[in-house]
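Here is what TrEMBL records for this protein:
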{"type": "DOMAIN", "residues": "37-292", "note": "domain 'G-protein coupled receptors family 1 profile'"}
{"type": "REGION", "residues": "349-372", "note": "region 'Disordered'"}
{"type": "TRANSMEM", "residues": "20-43", "note": "transmembrane segment"}
{"type": "TRANSMEM", "residues": "55-78", "note": "transmembrane segment"}
{"type": "TRANSMEM", "residues": "98-117", "note": "transmembrane segment"}
{"type": "TRANSMEM", "residues": "138-160", "note": "transmembrane segment"}
{"type": "TRANSMEM", "residues": "180-205", "note": "transmembrane segment"}
{"type": "TRANSMEM", "residues": "236-255", "note": "transmembrane segment"}
Amino acid sequence: MNGYPNCSANHTKIWSHYLVLALGIPQLTINIASVIFNCTVIFTRMATKDLHKPISILFCNLAFSDLFTSFSGFWISMLFITNPDITIFGSKDMLAPYALYTMSILSTIYNLVSIGIERYLAVAESMRTRFRVARTHSIAAVLINWVLALFLGCLPLMGWNCLRTEKNLSILYSPFCVDYLIFIAIPNVVVAFIIPLFTYLRIIIILRKRKLRMKACGQATGTYKSAEIQVARTSIFIWLLALISYAPFFAGVIFDATNHQCHADLYPGVYIFRNCTAMLITMNCLGNPIIYTLKPKTLGSKLNPLKCLSASVSEPAPLRTSSRGCPWSRAADGPDLVNVVRGRAEITPHSRPLPARGQLRGAETNAGRGNQ
């Protein structure tokens, strides 16, 4: 509304019951499904005792963030169904659920960024970098994510809201202020798109370099080629999911900042769009468990403790040396890299790094002399 003098109405035309149910019931259904999916992730991680792994801590925390997003989305949906007008004109009753919703979404974004960085460091670690991701690092990242999300999400509860003034009031998300939405949306949407893009591109580049070095040793590169394809596909899926989920919300914030019309003039089309953006954000909470944890082929084996043979298959194979003097444990490296984005396998200390370029040249020279 941005302080326009003629926007004094506090009610719209009577909402159609069919329209309210058509918008509210799908939101409730998606939120309930998201709660079930993320509870399954949390149960799976705790039942399999995977929380000693750094990446599992981040996955479990991501599920908690999505769970809070689903709960707050369910809360907002119930308020919309019972009294649609308060979600348009705003009231004190909407302040707490919107603040919880904002905090949960921010925590989800920060966790997705942390997972991308952890996966990059896990791959880079196998290339003999000095930094090793430990459990304490993941716990510290989780705490920082929640403190930052809690602080930014609770700013409206601390007083940055437009309950008592119509100046700068948001049309779509009353009683939030437009300047608060811009402050929250622009930097965090940039973070959600740019940092994961950079980290997953770096992972693909590292895999390609390792594939070329293996090729120089005369070894098969099928494992690294499949890993590169898998990382590329998963990265594209993550990017598209984030784009579909957050881009409409970002567009709504931009529209809100540039709008010069009253609530009644925008009813009902803009508010239908607002509810659809909320459903798309919840779809992100549904997609995250599927991408990172709930793969049908592996979920059953994780939950079935009787399948002990699966653990022995994942044990690293003995070190093998190629005919050209290039030692590595291909069996240990391969499965880890294929699942590097989803984090279903760890970059283990058993995975020996590839030889340096000088060693490769020396090995090739010695091999050439032997052939002569």
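The chain as shown is numbered from 1 upward.
From the backbone N, Cα and C atoms, a Cβ is placed for every residue, glycine too.
As the structure is a computational prediction, the values presented were derived from the model and not from experiment.
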Practice task
Could you pull out which residues elsewhere in the chain have a CB under 8 Å from any CB of the transmembrane segment (98-117), counting only those six or more residues past its ends?
Solution key: 55, 58-59, 61-62, 65-66, 68-69, 71-73, 75-76, 138, 141-142, 144-146, 148-150, 152-154, 156-157, 173, 176, 184, 188, 191-192, 195-196, 199-200, 238, 242, 281, 284-285, 288, 292, 343
Handout entry: Positions on the same chain near the transmembrane segment (236-255), where near means CB under 8 A and six or more residues out
Key = 112, 172, 181-182, 185-186, 189, 192-193, 196-197, 200, 270, 273-274, 276-277, 280-281, 283-284, 287-288, 291, 341
Handout entry: For the transmembrane segment (138-160), sequence-distant contacts whose Cβ falls under 8 Å of one of its Cβ atoms, 6 or more beyond its ends
Key = 54-55, 57-58, 61, 65, 95-96, 98-100, 102-104, 106-107, 110-111, 114, 118, 175-177, 180, 184
Practice task
Take the domain 'G-protein coupled receptors family 1 profile' (37-292) and average the pLDDT across it for me.
Solution key: 86
